[in-house]
């Protein structure tokens, strides 16, 4: 019975050949496969949510399934949100000539993400981690005939490969350090998280910190955190449903999950403050950059970067409350998955009925044309902004309150201030987008002809909107499911008021400025993404110049070796003539050689 849970990964993968080979009912097979995985996960919950199935693979590396409350929640988020997006994709991708390829790739993508979440050993976690990256490359570049899509896919692959290299270095350090101490299964996840304190003492905190920082860099690249975030906005060149899947339920959440999964190890290292600061800085940077772009999909991409920053910050600040921050980060991950999928799919509807218009300045007045879509996107927007009583209000404010508790305990106010400012900036960028799209007058013929789709196509969005509004009251059950001993901090009343004021003031500011074009120095810096991309391009160009010079040397060295080889062949051909089988020739050369030797010896004696 327990081996049934391996099918959670296998069944979605089976959707790949079915979608590709069977021409009828495109999208049905992958949707049913994801649904089957979801049903098995529900069975795992009923079973108790603690399942460990493993088999020896090679030497001391096992493979199998490890389901505890954390991995069960994450797998449930992945499968349920992926299912909703996949069902919507049947409508969105229905007329695409390569839709069978799309749904085949989605099947592998979801299966690899579930494998990453449920693997019982970090070796297989890494293998699925790589597969997630490869499939995201294929899906971002799905419309590969578009130069921007091909470029974006390569950019995401290169940057995440840097993080993957760092990840495997971190795993190698842990393996080498533990293999000589406890060779039974040094990279088994249950072993690592249940013996974290012992491991810290045995291998030393500095070695543990070094290995975990390498893993953290891998998580940064996967989750598009500063300074490895630059691939995320470009990834918007793929289908909008791919963007929804990557941002809501799969790839970018993998980095958050791996930190949460290995949190007991991180807790005993010196890396917690670094995680908190990078998360907080990423949150504010992503929010600021979201203000200065006009492409609706890129605005949502920067929103993802910012919201994931909240999660990393919560994990980093958990150094004072142990596992409580994991509960808060995972609840934020759940709520973010819901409202971000809603926002992306709402954007997809807007684009479908406005000739793929992505520039918010070219829209306007769509509330009258698309009232249902406008209301659904409004629900997603207020949830993202953290307006009560939406689930986003509870998920984000809990992390901001954690920041204040962190300040009270440590005296470090930086994470709290950055996250609080981000609340206001979040409202500004998302409602600047919303007001530009739905208020005012229509500005183009494409917007003039827009309309809502049929009700049946809006059902996935309605489900997500409902969850965005009503997940809040269930947060305590969620927290305690992950950590029965969760500590929920109650801040002073004025802190609770300040967070709401910050969110509401952001909406007011957005209403004032949404149709204003700024051209100040600070705005231009933000619009140019703080010149981080230009810095990376400069570094890349330096290496291109170096490779050009080394290429010249390499070619000349190759030519030299080729010439030497040619001369050696010619010399060999000449010497081959000596070996003609004639005894007379051999005697002549023998006597000539002896004469030469005697002459040289005689000359040396005379000296």
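From the backbone N, Cα and C atoms, a Cβ is placed for every residue, glycine too.
Record features, source TrEMBL:
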type: DOMAIN; residues: 59-103; note: domain 'NADH-Ubiquinone oxidoreductase (complex I) chain 5 N-terminal'
type: DOMAIN; residues: 119-406; note: domain 'NADH:quinone oxidoreductase/Mrp antiporter transmembrane'
type: TRANSMEM; residues: 6-22; note: transmembrane segment
type: TRANSMEM; residues: 101-120; note: transmembrane segment
type: TRANSMEM; residues: 126-145; note: transmembrane segment
type: TRANSMEM; residues: 157-178; note: transmembrane segment
type: TRANSMEM; residues: 198-220; note: transmembrane segment
type: TRANSMEM; residues: 308-331; note: transmembrane segment
type: TRANSMEM; residues: 337-355; note: transmembrane segment
type: TRANSMEM; residues: 375-394; note: transmembrane segment
type: TRANSMEM; residues: 414-435; note: transmembrane segment
type: TRANSMEM; residues: 455-474; note: transmembrane segment
type: TRANSMEM; residues: 494-514; note: transmembrane segment
type: TRANSMEM; residues: 585-605; note: transmembrane segment
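Ranked by number of Cβ pairs under 8 Å to the transmembrane segment (414-435), the listed stretches 157-178, 198-220, 308-331, 337-355, 585-605 are led by 308-331. Counting residues 6+ beyond its ends, the transmembrane segment (101-120) has Cβ neighbours under 8 Å at 5, 8-20, 26-27, 29-30, 33-34, 37, 52-54, 62-67, 71, 74-75, 78-79, 82, 86, 89, 93, 127-129, 131-132, 135-136, 138-139, 142, 188-190, 239, 245, 249-251, 254, 257 in the same chain. Sequence-distant contacts of the transmembrane segment (455-474), counting only residues of its own chain at least 6 positions beyond either end whose CB sits under 8 Å from a CB of the stretch, comprise 84-85, 87-88, 91, 334-335, 338-339, 341-342, 345-346, 349, 372-373, 376, 379-380, 383, 389-394. According to DSSP, the secondary structure content of the domain 'NADH-Ubiquinone oxidoreductase (complex I) chain 5 N-terminal' (59-103) in residues is 29 helix, 7 strand, 9 coil. Taking Cβ pairs closer than 8 Å, the transmembrane segment (308-331) reaches residues 70, 73-74, 223-226, 252-253, 255-256, 259-260, 263-264, 266-267, 272-286, 394-396, 398-399, 402-403, 405-406, 409-410, 415, 418-419, 422, 475, 478-480, 482-483, 485-489 in its own chain, all 6 or more past its ends. Confidence annotation: the domain 'NADH-Ubiquinone oxidoreductase (complex I) chain 5 N-terminal' (59-103) carries a mean pLDDT of 90 in the model. The highest tally of CB pairs under 8 A with the transmembrane segment (337-355), across 198-220, 375-394, 494-514, is held by 375-394. Same-chain neighbours of the transmembrane segment (375-394): 303, 307, 331, 335, 338-340, 342-343, 346-347, 350, 423, 426-427, 430-431, 433-434, 437-438, 458, 461-462, 464-465, 467-472, 475, 499-500, 503-504, 506-507, counting only residues six or more beyond its ends whose CB sits under 8 Å from a CB of the stretch.
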